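Record features, source Swiss-Prot:
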- 107-312: domain 'ATP-grasp' (DOMAIN)
- 133-193: ATP binding site (BINDING)
- 282, 284: Mg(2+) binding site (BINDING)
């Protein structure tokens, strides 16, 4: 099969690596890709938002399957446009991608189909949003309705913080994404990410992960797209997984079909595990980044065969095989991230990681300049490891990371701390 993968991050490098291992694969292309992906795929210099050029490329190369990595092209309807041209594509329709593209859409769906989530209000102007906030009190959560690259959420611990968040949304901090805000109840508990692959009818669990959103050690500093992750999430016990499928995922699949937008693709539930059980924080309609990296490290099954089954509506025939060991990934980011990122610094000694057992390096925001690997974005490298325990995977990842010569890079030194503490307590 000839496959076109769309995207350029660490998530896409992990997908490319796994797709390249499939015996079904004849040729892998990636648009636009990155220097790490170039080792397993032929790169095409086409941006993820250039739908017409992506469609033309898929036709020219007789592509059998398109796999869409990031959320933005899905929310703007790339999958629909490709299907209209007769191209097989893995990813939700524009209508189904509203689960990620509009927080308000998802909250309304939860209300209609009795999916557990926090109480909420939707507002298209600041005075009404502020009145609701004053009525509810803090802590409270303020979210831009649309796509804001994981940065449009403020968990306000004080009333003033919440009111300021409303102002920044309506003053255009997130562009069109902030034209409407969702204000919702603060949920107390432990967060987890839960992933399913879906074919419109069936949702097959791909397991859980926990990511680390804040930039600094001890969960301090501003939110980011994610500074590291591990899988599985210990809080997602077999009972919690069963409840999540029964109370959240299955009603969502039924609800989306009922409103005429059946969901196929990756459904990523951001959960809060509360004393009452799982509640939905948000849905994403693609793999998480960096959660995808740890899921791919643990997946033994053929990813391409799995995606084919999803595209063909055959997931009810599929069973998956996973490694028993946990996986953990640490993000190395460029100086200044998540604010003003300094690009162009040279990264050396990456080849030293190639021979380490149980370690895989995924490229995210890397670029090639004069034959050298340089920082081309905010989150740049993902050092990923598997081992018998999370503590051992953590040690392995940090040991490998220290071999990289990149003074301008930084990372959190405590990725996996929750699971490591649990392991110690359970000894």
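Including glycine, each Cβ sits where the backbone N, Cα and C put it.
Location within the structure of each feature annotated in Swiss-Prot.
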residue	record	DSSP (3 states)
133	ATP binding site	helix
141	ATP binding site	strand
157	ATP binding site	coil
165	ATP binding site	helix
181	ATP binding site	strand
189	ATP binding site	coil
282	Mg(2+) binding site	strand
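Rounded to a whole value, the Cα-Cα separation of residue 157 (ATP binding site) and residue 284 (Mg(2+) binding site) is 25 Å.
The two recorded residues residue 284 (Mg(2+) binding site) and residue 133 (ATP binding site) have their Cα atoms spaced 26 Å from each other. Separation of the C-alpha atoms of residue 133 (ATP binding site) and residue 282 (Mg(2+) binding site): 20 Å, rounded to the nearest whole number.
Annotation for residue 141 (ATP binding site): same-chain Cβ neighbours under 8 Å, separated by at least 6 residues, are 118, 153, 154, 155, 156, 183, 184, 185, 186. Note: the CA-CA distance between residue 165 (ATP binding site) and residue 282 (Mg(2+) binding site) rounds to 18 Å. Rounded to the nearest whole angstrom, the C-alpha distance between residue 181 (ATP binding site) and residue 282 (Mg(2+) binding site) is 14. Close to residue 282 (Mg(2+) binding site) in the fold, though at least 6 residues off in sequence, lie 100, 103, 106, 143, 269, 270, each with a CB less than 8 Å from its CB. Non-local neighbourhood of residue 189 (ATP binding site): 272, 273, 274, 275, 279, each in the same chain, at least six residues away, with C-beta under 8 Å from its C-beta.
With every protein chain in view, the residue among the binding-site residues 133, 165, 181 whose Cβ has the most Cβ partners within 10 Å turns out to be 181.
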